[in-house]
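One structure below.
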Amino acid sequence: MANTAHLMRRQSSRDLYAQRSVDRMEMKELRGRLVTMENGHPSHRTHVMYGATNEAFEDTSPNRRSSETPTSKASSAEERAGIKPEGGEGERESWDSKLTFLLATVGYAVGLGNVWRFPYLAQKNGGGAFLIPYFVMLAIEGIPIFYLELAIGQRLRKGAIGVWHQVSPYLGGIGISSAVVSFNVALYYNSIIAWCLFYFAQSFQAELPWSECPKKYFSNGSYTTEPECAISSPTQYFWYRTTLQISEDINHPQTFNYKIALALVIAWILVYMCMIKGIASSGKVVYVTATFPYIVLVIFFFRGITLKGMSDGLIHLFTPKWHTILDPVVWLEAGTQIFFSLGLAFGGLIAFSSYNPVDNNCYRDAIMVSMTNCLTSMFAGIVVFSIIGFKATMVYEKCLGVRNETLLDIFGPGYKSMVFPEPGQMVTVDINGNLTKLLMPHLPECDLQKELDNTASGTGLAFIIFTEAINQFPGAQFWSVLFFLMLFTLGIDSQFGTLEGVVTSIVDMKLLPNLRKEYLTGGLCLICCILSMGFAHGSGSYIFLLFDMYSGNFPLLIIAFFECVGIAYVYGVKRFADDIELMTGTRPGIYWLICWKYLSPLAMLSILISSFAELAMEGSGYEAWIPSEGDTVKKPWPIWAVLLVVVLILASVLWIPGLAICRYFGYPIIEDEERAWFPAEELRDFHGIEPRPVSATETLLFCTRPDGSERCCWPGCCETDDDE
């Protein structure tokens, strides 16, 4: 009976809270309507909202009360829209629908790495067995940090700099570091888009220019096949010599590549056009850029499963090699792939979520987008390896044809029953009844598994191996247009998502308060366009590789580590969980709190230390193209390149300790004292959330006091903390 009475009191309390919430919201809406009637015309201030009023954003969580009155249910979105920010916060941009936000986030997270890095890593690191470390790292690293960034951006309503400054003035450097890394990555990432545009334009020729080797003509009118192409392949020659106009090393850029420079200019203009109106323009663009890659992947999937050798490619990809699970390098590469394929720590996710309404279900978004990203990687792997299986089978059968033709010419039809000695040895054969001694020739080695293993990652997969496979298709021009248009759309929405993190941070910090956002975006794109000309010469691809390897990897891992530390040990996991409960109506489970406080920081730290250890043991270098050999040779980075790497890393991460030190000594770098408006009481009433006692589990795991505050509970600090 006591339990029944307690339940009734609790239910009555919730009904009272709900009624108070409705009354308060109706009064605020009425007050807003009265203010708007100025000179007989409604004021635009009526429509200033915190978030979006689109019906797609309406909360459908189970915690929403079903016993609301018809009036409150019908106008709930309008009532919340009528809540005005306290403290005079200005109007903030918002997504026009939930679908737009989801497409933008999916487009940002799903990028080129899903298509040209995951399949390579899977077949390299154990095939189907690689999926175990992949999904484990997704669970303890990928989704928790993705969820964290969406939630903190939605809660504090600012870009990365403003968010981390509000978490703690000593942590504002995290946001600056994210903006610097985003700028560096956006700077070189557009080179990929430029290369895709160049190949896309070349795909409209009657014969694909990388399908055959070009001819070298002499003064007497005769010609021969270009020697460099003859010893390599048409696709390699077109990539290295025609597209990149590559030099033999990074120190001697031979020519300026005007074709790629023009493609870069076009790429930056397209990025600016997508971002010119902020999320108002990019939100419309994502309906194309986020969906088109899936359309093309489905088309390539149905094409791929009809090809000869498709099954060999898929068996090679998914056959598990269980011993690889014990290899720590496999876990390192799984964690690294998860981290970068989701676009964590760039600040783009924080910027995107800051435009959401205050009660958006960020937990559902995090799960949905993360799983979409990973399933896209697996689907892309199936598409890529069905086509690679076809390409390997064609090469293997062509090799067998050449081998059998050579043997038939030398030994006649009887070669099929012969046992051949080593190349260069004498062999006695019966030719037309006469015993004849012949020298055993060198035969081409035909090995299907070796061809399947010959899979590159990154640009090598897209611009060499995949184009070579497309050459074998009937109507190769059509497939080439589709493929490079898909790569372009995959790249450009990730690009403006990355750049949006920089723009939003600058706008929110009011660094250039009198400059309109479209001018700021244009100026940023212009600066990036000028700087990106450093990738448009003979050594440009080597500098691109240097940026790709070092400008993002280490800094982003460090930033993500400090993000987890900032939320778990400065902001507080209980406080963060309380905020999420207010926004979504559902409290995060204990698993997510453990990830934020322990598992995710440990995963970041482990990947970071392992990466540094691997770099120290194996060294680093770049693959330089040697024309005389028609192949690449690994060369060490010169001293100036190593110094550039150090500058890129330090310029990104030194903001974190540097800003904290300046703040400690009374020299604030960031002056953003305007707190984020958050209608805690209204949300608490709306969701019917009541104060809850601190559980024994929270006290044990997170050192939470009975009053809800958190303390240090490690040995040696309990006594000091309690005394205080």
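Using the three backbone atoms N, Cα and C, a Cβ is placed for every residue, glycine included.
The compositional bias 'Basic and acidic residues' annotation in TrEMBL covers 76-92. Residues or ranges marked as region 'Disordered' in TrEMBL: 1-20, 56-92. What TrEMBL lists as transmembrane segment is 99-118, 130-150, 170-201, 256-273, 285-305, 338-355, 367-388, 481-507, 519-547, 553-573, 594-617, 637-656.
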Inset, instruction - Count the Cβ pairs between the transmembrane segment (481-507) and the transmembrane segment (367-388) that lie under 8 angstroms and are 6 or more residues apart in sequence, then report whether there are at least 3. - result: no
Inset, instruction - Mind checking which residues of the chain, 6+ beyond the ends of the transmembrane segment (285-305), have their Cβ under 8 Å from one of its Cβ atoms? - result: 100, 103-104, 106-107, 110, 274, 376, 379-380, 382-383, 386-387, 390, 473, 479, 482-483, 485-486, 489-490, 492-493, 496
Legend entry - Result, the transmembrane segment (256-273) in contact with the transmembrane segment (637-656) (3+ CB pairs under 8 Å): no
Legend entry - Folded-back contacts onto the transmembrane segment (338-355), same chain, C-beta under 8 angstroms, at least six residues removed: 92-95, 101, 104-105, 108-111, 113-114, 117-118, 134, 137-138, 141-142, 145-146, 149-154, 156-161, 163, 175, 178-179, 181-182, 185, 279, 362, 365, 370, 373-374, 377, 494, 497-498, 500-505, 552-553, 556-557, 559-560, 563, 607
Inset, instruction - Check the transmembrane segment (170-201) against each of 130-150, 256-273, 519-547, 553-573, 594-617 and return whichever range has the most CB pairs under 8 Å. - result: 256-273
Inset, instruction - Please give the sequence-distant neighbours of the transmembrane segment (130-150): residues at least 6 beyond its ends with Cβ less than 8 Å from one of its Cβ atoms. - result: 109, 121-122, 324-325, 330-331, 334-335, 337-339, 342, 344-345, 349-350, 352-353, 362-363, 365-367, 369-370, 374, 378, 560, 563-564, 567, 588, 592, 595-596, 599-600, 603-604
Legend entry - the transmembrane segment (367-388) in contact with the transmembrane segment (99-118), cutoff 8 A, at least 3 CB pairs, sep 6+: yes
Legend entry - Cβ-based contact of the transmembrane segment (256-273) with the transmembrane segment (519-547), 3 or more pairs under 8 Å: yes
Inset, instruction - Could you tell me what the rest of the chain brings near the transmembrane segment (519-547), counting residues at least six beyond its ends with Cβ under 8 Å? - result: 183-188, 190-191, 244-247, 249-258, 260-261, 264-265, 268-269, 271-272, 275-276, 278, 499, 502-503, 506-507, 512, 622, 624, 637, 641, 644-645, 648
